[in-house]
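Below is one structure, written out as structure tokens; the observations come after it.
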Amino acid sequence: MEPEHSNYDLKNHPTSVQESTLNGSAVTDPQFGNTTNSLPSMNGLLNHENSFASQQSLSSSAFDDSEIVTSTANSTVVSSALSTPKIDDAQNSDDVRVDGTRRSSRAKRPVYRDFSYTEIDEHEIPIPKKRKSKPAPKQKKSVASDDEDAYDKRHRFSINSASGTEIRTSLRSSKGKSVNYNEQEFYDDFEDEEEEVEEQVEEEYEPIIDFVLNHRKRADAQDDDPKSSYQYLIKWQEVSHLHNTWEDYSTLSSVRGYKKVDNYIKQNIIYDREIREDPTTTFEDIEALDIERERKNMLFEEYKIVERIVASETNEEGKTEYFVKWRQLPYDNCTWEDADVIYSMAPNEVYQFLQRENSPYLPYKGVFYNTRPPYRKLEKQPSYIKGGEIRDFQLTGINWMAYLWHRNENGILADEMGLGKTVQTVCFLSYLVHSLKQHGPFLIVVPLSTVPAWQETLANWTPDLNSICYTGNTESRANIREYEFYLSTNSRKLKFNILLTTYEYILKDKQELNNIRWQYLAIDEAHRLKNSESSLYETLSQFRTANRLLITGTPLQNNLKELASLVNFLMPGKFYIRDELNFDQPNAEQERDIRDLQERLQPFILRRLKKDVEKSLPSKSERILRVELSDMQTEWYKNILTKNYRALTGHTDGRGQLSLLNIVVELKKVSNHPYLFPGAAEKWMMGRKMTREDTLRGIIMNSGKMVLLDKLLQRLKHDGHRVLIFSQMVRMLNILGEYMSLRGYNYQRLDGTIPASVRRVSIDHFNAPDSPDFVFLLSTRAGGLGINLNTADTVIIFDSDWNPQADLQAMARAHRIGQKNHVNVYRFLSKDTVEEDILERARRKMILEYAIISLGVTEKSKNSKNDKYDAQELSAILKFGASNMFKATENQKKLENMNLDDILSHAEDRDSSNDVGGASMGGEEFLKQFEVTDYKAEDLNWDDIIPEEEMERIEEEERMLAAQRAKEEERERREEEERENDEDHPSRTYKRTTKSITKRQQRREEMVREKEIRLLYRAMIKFGLVDERFDTIVKEAELQATDPKRIYSLSADMVKACDEAVERLGADDTKNKQPRKAILIEFKGVKNINAETVTLRVKDLTHLHRAYKGLDPLKQIIGYPIRSVHSWNCSWGIKEDSMLLAGINKHGFGCWQAIKNDPDLGLHDKIFLDEAKNDKESRYVPSAVHLVRRGEYLLSVVREHPDLFVVKTDQPTKRKYNRKAPTKSSTRQTTLDGSISNTKKSSRTKKKKEEETNRGDETSPEGTVGEDEVEEEPRQAEPPKRALRSNSGKAASNKRTTRNSMKTHSAMDTLTAVAALDAELDNMSNEKAKEEVDHVKSENGESVNEPNTEDLSLETEENTTVSDISPLVKNEA
């Protein structure tokens, strides 16, 4: 039984009605309410079968009272009638009804038009395609409907207006949550079955709430009950925002999704009421709430504006429908709408769609050149560039790109930030289309934050080209590929000219995008390609492109290696750039290299500076404001230094470098705000009232920078300035956002967590005329790239970036073309902290770009190392100003009495007009600003910096903490034992209740710190299990202060959890080499623990350590056949593999740099980690990735054969048991690289296998082999017998444990392999070798005259597994 429906009468309802007719009647704009003359009728153009006047009732604001009423004329959607109570409203007493629809089950096949909107001959106008007609489905009538209309069951709403006319609007969308018949041709043969399925679906359909957008109070409401006194604006599933309706709670309570209404009431109405009734709430807070609500309402109105028409289609009735993309919504929210309705709303978008469908600039209509035409300079701005007037230097940039294209060369557009690189690039693409008939497709890859700016530039400067923004989720991108890429579903002819996308979607959809041949590739912020080993670099390098352009304002950021990567991407193999130039000790040869490089690069890099080409741009000045730390900051700073004393005074190799870097990051956080550490804010608020004033005071007074910022913003606000605040740390932006709210400052925010659509709204809102926004909070990396915020004239760098170029990019957001005011930049700096030294070192980096790009290097130029900070530099940074932290100060008093004028008067002024690159002439003045006095912090010792009493205090705290932990764990252990004992006696009452157990478990979990687990995990995957290498792992993980029992427990639990995860997912077969995703688990709150790595590598490393037990790893050689390497740029054999294993055992898996630098291993010239990669031919192997693969393979061999090592001695004459038999008596030859020639050996009989095994059993009659007793005594005296006993004992053990899982070796397996090695190393004579091998065999009771060999071949492919390799020789014992 269906619920009742009531008609909603619009005659007396106060609504903004859009009355539109296609024959020239008046049109009321749905947004602004102004009446204008409508455009001419589209009936003749679209060749509709029926012309009709349409009227639509649309909401002009979020508070519009318009209703949408469902019609039943020839439709397939069953309108679920809902019993609706009367609304006791003075203005309207009619019933309110809910309208819900489902998406179309018809295929979304676009009908493409090949005609233009204007001046088209009648015979050229194609008739829209019609679907094959189907029998009309059975109609269901709504019960208790006043007019007893037959509601449309296909996919329509009927909007009844006051005049009685009706507009039919398609309600299909692109999402398929119901049955969807995607291929119409397939189902044409099964119409009867389709009708039956549709009818079944229709009977089950009911309206579903998608979102609750807004609420309003009823005029006749007597109280504030959210369920009886309010109406709610509902967005329905599968339809656009055009069909949003206002509904009562009682009406919605019977609709699917009504819980969303309850959630909305809690999160909005009740929360809003609590805020307004709170006595501590200020007027500014209420104003902020109202502004935010209004902003959301404006955004909802944006969702009703047509942004683009994607496709068109003709339904069964001959009516045209448009697939519409709505403004600010992604492609997965596109819906099918009636063409006449859309034309009345957005005639310009319809015109643009028809123009695109029959564009003269379709890619397949372009011209193909066998040879590039000669270059002709553009003397003035072409007529087809109509977006505005380009400047002379921009026209020069277009000519430069055109010159490179005619020569079939690529380049780097490296103009300083703010000079319009985006406009130049877009105009050049327009030049290719209009002047050279190169219609694309063109690919533009940009950062996500710059997408809105690029979209705006493309729409403004190239409106006649078809540009697509390829972003969004998987469904959105699928819609783009289906409707926007090709002219038809069966055609591979592209219909777009420009595709705009981001780095992330290049990686996600590289398969689809790489199938297209691109005429031009432009990459914005191209310094993302500075790492030639990154996935983005490799993916874009494989794209098929005719020409490429890199766009970056900072072509050099750190070192020459990054420049080499960019140049190699553009011109593979054409340039070789040395990245090891030392600027500290320049010489004549290096100067010649630099000048030669500059001359060679000059034609391919175009760089102009603002001061040289844009004289009208206002100036920019930078001031460094130094401020003291607060008392809370000082205390945290000292504690971090003191508690990390071991790391500060420990090793300064690669492992220590990471620890020091972590300390530097922690100190940078302290320099910003102590609230960045968990629990700091709560600790300060203890004993204080949780009032608004106390919260605000804590945020300000506990950070010196916040005190300065508070005073500075008050003055800037008073003087009418607008401010951009940049910080590296997103959590710092959270604190700043809370401060802005408490102060009542209107602000916007942009960081890496903000979606693209919200970013665009925030930027537009800030740049809008008369915008109320005072501050824009931005992260340095996400907000410092490519966006235009020139409506602000003040920039505050709250904390400096490691890379000075990132800060310059941030400043350029305001200092760019279009800026009308002088730009002030304030850089905050905490005194006597690591920030000061980092800033000074960062400044020196910029000389590198100055030298290469602008002036070249002279003997007077100075520069520090351009590589990343090493351990010594990090140690010097940490020591800078550290001693002042332990001196008594009155910083807090200074902060409370801070005088802003005094701070500004003593600020360090820095003229930033000579930013990166310096002046194009005369660089001496530029170089002088980098001449800084080095602070010789390395002369100090940490014992001199940190007072002894501080060390004693910290050590006492650590001892107390360790004792407390041990006591807690002992108590828990006893309770656990009691619980286990209690389980044996069910009648005994437990002393602990379930609640107490839960609390105890919570306390245990709280004690497990994430840092400890991560450090332990990293150490274990380097060295193995804690049980075997406790001291090494504890030292590596820096857990000396942690209770050993705790370390053992964590290690065992981690291994157990990983084993269970691998076994649970069916990945416990270690021999399976098929590619699969990593098994990542969460262990005690720590995520991304690789279970397979722990299960395999950690245990393999333990096997390796056990194999070396009692032996000198440097004197061991692999005595087992292993596969050889291929295409490595060095001689690599068994000796190198043996040393690699020894290095892994000594330094840890993955520590390739330490292994390379170890002189005892002799691998310095065989491992290539830092070699330049200018082209494929010069890439040296092995690199780190090859060593990882080789190391894992060798560890798997150790796992299979733990006795594979044999002793290597320096005196061959003493190795009587290691000589190789002459070639005549043995056809096997083993070389140092591991390759083995064919050999012959008779198969071993089953009986003799059992005899050998039985001999092993006799060694240990109890069933276990006492390997220590058997092997220890004769290890050095009689090596052959030791080997025999070891292997036979192992065979006996394997027989009892894994009898059929592993093949064992006899003594001769090892002896033959050793003999093969010795023959190659010592070049023994065949006769001498044969005698000694015969002697060894006779001692072991083996036959000398019967070699017993069989054919044996080893695979040497890279994917060969250990299990594929047969044993070397299996002789009879």
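Cβ coordinates come from backbone N, Cα and C, glycine included.
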From the candidates S54, S145, S532, the one which Swiss-Prot records as phosphoserine: S145
From T989, T1230, T1264, the one Swiss-Prot labels phosphothreonine: T1264
S38, S142, S174, S1338 - residue that Swiss-Prot labels as phosphoserine: S142
Neighbour count (Cβ, 10 Å) for L419 (ATP binding site): 26
Cβ neighbours within the same chain of M417 (ATP binding site) - under 8 Å, at least six residues apart: G553, T554, L808, Q809, M811, A812, H815, R816
Local Cβ density at G420 (ATP binding site) - other Cβ atoms counted within 10 Å: 20
Least surrounded among the binding-site residues, given as D415, K421, when other CB atoms within 10 Å are counted: D415
